[in-house]
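Copied over from Swiss-Prot:
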ACT_SITE  139  active site, nucleophile
ACT_SITE  271  active site, charge relay system
ACT_SITE  300  active site, charge relay system
C-alpha cells in the first residue's frame, strides 16, 4: 500500500537558468509555480532540500516523496541541483525568468561561494518573499544552509535541518584526508582522465551503466541522472569538493548561535566525513541546541537505503510547526 501511495505522488521536473547556470529542480506535489500562484489554495510553506556533493537532485526524489507523504501532502517539497551538476537533455526546454535574465552573473558559480549565491538567487526568483521555508541541507548542503541564514537573515525560515553536516574541519576528517590530495592537487589529472574515458562513450552505454548502478544502490531512476557520467558535471563536482576541503574549516559558531532555536543537527555514528567527535564538540559548546546523534547506524549517504527513516525523523520534528500553518 505504501509503495502504491508513493507512485501516485506527482513529481515535476524543470530545468531553469539560475544565476547563469543550468539547474535541475524537482518539485514534489501539484504546485509548480509558487511565485505566480495567487489562489487561496497556495501553500504557505515550502520544504526546500539542498543536496550534498555531487548535487544530483534526482538522488533525493525517494526522500522528497516520503517527506511529502508524511506531511499529509499539504506542502511542496522541492529539491535543487547544484549549479553545473545537471545539464538539460537536448529535448528539454530551459526556463528563464525576467529577474534571472537581468541578474548579475554569479562569480565562480560552480565554487563554494557561488553555490550559496545560486541557492539564494533561486529563492529570490522562484519563491514568494512571504512564504515560510523549511530548509534541509545534507552534507555540504548543511554548510550552504548556514551561510544562507548568515547572508540573508530575513529569510522566513521556520526550521532548518542539517543532516550529516560537513560544516567544519572537512580536510581533517577520515574521508577528507583521502579526498584532499585528490581534489586539490590531482584534480586536473582526474579531469583529463574523465574526458578521455567518458566523452567518447555513447549515451546508450552511459545510460545502461547508470541504470545498473542505481539498481544496485536501490535508487529510483524516475529521473535518470545521466550527469553522473558527464565530464562537465564531474569536473564541477570536483572543483566544488576541492574548495570544500580548503575552506570548510572553522565552524561558524556566531551564525549557529544566532539561529540556534530553528536549527536541528543530525550527526552519524559511522560518518567518515564528520566523525562522532565533531558531534561531541558542538554538543558541548551548544548544550541547549537540538543536536542529535543517530542511533540507527544510518550512513552519511542516507539517500541510498534510509530515505524513509530520515523523512520520519524530520516529519515528526515538524509536527508542531506545520500544525500552525
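Sequential numbering from 1, following the chain as shown.
Note that Cβ sites are derived from N, Cα and C of the backbone, with glycine treated the same way.
Keep in mind the model is a prediction, meaning the values are calculated, not measured.
Other Cβ atoms within 10 Å of the Cβ of residue 271 (active site, charge relay system) number 23 in total over all chains. Listed in sequence order, 51, 52, 53, 163, 164, 165, 166, 273, 300 are the same-chain residues six or more apart from the residue listed as 'active site, nucleophile' with CB atoms under 8 A from its CB. Cβ neighbour count for residue 300 (active site, charge relay system) (all protein chains, 10 Å cutoff from its Cβ): 20.
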